[in-house]
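Swiss-Prot annotations:
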REGION    154-323  region 'Serine protease'
ACT_SITE  His173  active site, charge relay system
ACT_SITE  Asp203  active site, charge relay system
ACT_SITE  Ser282  active site, charge relay system
DOMAIN    326-423  domain 'PDZ'
Amino acid sequence: MATTTSCSLLLSSTLFLHSPPSSHLSFFNLSSSRSSPISLYPIRSKRYFRILSKLSLNDNNRDDDDDTLHFTPFSAVKPFFLLCTSVALSFSLFAASPAVESASAFVVSTPKKLQTDELATVRLFQENTPSVVYITNLAVRQDAFTLDVLEVPQGSGSGFVWDKQGHIVTNYHVIRGASDLRVTLADQTTFDAKVVGFDQDKDVAVLRIDAPKNKLRPIPVGVSADLLVGQKVFAIGNPFGLDHTLTTGVISGLRREISSAATGRPIQDVIQTDAAINPGNSGGPLLDSSGTLIGINTAIYSPSGASSGVGFSIPVDTVGGIVDQLVRFGKVTRPILGIKFAPDQSVEQLGVSGVLVLDAPPSGPAGKAGLQSTKRDGYGRLVLGDIITSVNGTKVSNGSDLYRILDQCKVGDEVTVEVLRGDHKEKISVTLEPKPDES
């Protein structure tokens with residue numbers, strides 16, 4: 001291939017001087033700064049060689065015969081001829097070089113299209129990020145010198161659109177202590193928000209904004225009961241104020257338990273994930289690979305306050321019931337037994353399993369049903385109260401088990417409580433009531 005190319009170039013340069021009868025070419029004098037044109041006309045061979053023999057370096061030598069070749073000195077054409085020959089030879093050597101051929105194998109090709117999983121992630125983000133909002137928590141402060149009342153940003157967090165009526169779901173700790181709340185949608189429009197209601201025990205709150213319905217994109221709601229460890233999850237939020245940030249990971253664990261930041265009450269069945277969750281992600285959605293909501297990002301385990309690969313989300317099955325009550329009634333009507341119980345560690349030291357009743361006020365459901373409190377006798381000796389071992393046939397080993405069972409009940413439900421009283425067991429029927437401050 002290289003030989004053929006070089007030969008073709010040499011032949012072309014030769015034919016350039018031996019033009020066929022019908023040709024007429026113009027180019028520039030390579031040896032002159034004047035760039036005067038050179039013309040080639042048809043000639044006869046004998047006449048051609050005779051003219052070449054008379055050519056000199058004098059540019060004024062001309063032949064005025066009809067068959068004249070109007071030509072600059074041959075010295076002007078010679079460099080061009082040599083240049084063509086050199087180029088042909090160089091190209092021949094270059095094409096034949098094996099080093100160049102081997103190097104060509106490493107040329108970077110045009111980037112290919114995104115892979116299938118990448119396209120799915122991009123599509124998931126584009127479809128769901130319009131549902132995610134940025135929440136600014138403003139607190140009222142009074143200037144010590146001017147006594148002016150100022151609104152100072154106290155914190156920020158994330159949330160998501162629940163419905164077309166403008167309800168926004170987030171964490172309670174995101175809005176706690178706020179005097180003024182503002183919600184920024186994906187198109188950067190900002191609206192004042194009002195608190196519809198909140199559940200401190202589960203760290204869930206619902207806000208409402210007066211926004212046009214065409215600006216509201218409710219998030220698709222999924223289920224969390226059938227989640228599996230290892231499946232992909234996606235978190236969208238505003239970490240450190242960086243709005244609409246996507247992080248990915250997997251479900252690292254299920255049925256975890258964390259405590260409510262407001263009340264200390266345990267939140268059960270929490271989802272653990274290694275998707276990066278940082279300050280500002282609180283209240284944002286955790287999505288499965290189909291783009292449906294499976295949890296609310298609420299906490300991280302980190303000594304430094306930044307993501308350490310251990311994040312927690314409240315499962316959507318828990319959130320759904322709470323949000324429905326908050327939207328309808330502005331509060332959560334959660335059933336209670338009406339008791340105070342001992343820390344789990346204290347019961348473990350007794351060598352028994354269950355929940356030790358410390359106090360069952362007579363006005364509460366458990367007190368009305370006859371559950372006994374822990375007390376001291378006339379000699380000052382401690383007399384243990386009832387130890388709850390099961391509710392409706394479900395074993396109760398600690399306080400978390402009791403809360404989990406009650407979360408599945410409603411106000412007015414009658415439950416059967418089995419207790420250990422002294423050295424014997426008893427079953428007592430208790431009618432559940434709402435918390436006094438929620439009635």
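Yeah, the Cβs are placed from backbone N, Cα and C, and that goes for glycine too.
Taken residue by residue, the domain 'PDZ' (326-423) breaks down under DSSP into 24 helix, 28 strand, 46 coil. In the shown protein chains, 29 other C-beta atoms lie within 10 A of the C-beta of Asp203 (active site, charge relay system). Following the DSSP three-state reduction, the secondary structure of His173 (active site, charge relay system) is helix. The number of other CB atoms found within 10 A of the CB of Ser282 (active site, charge relay system), across every protein chain shown, is 28.
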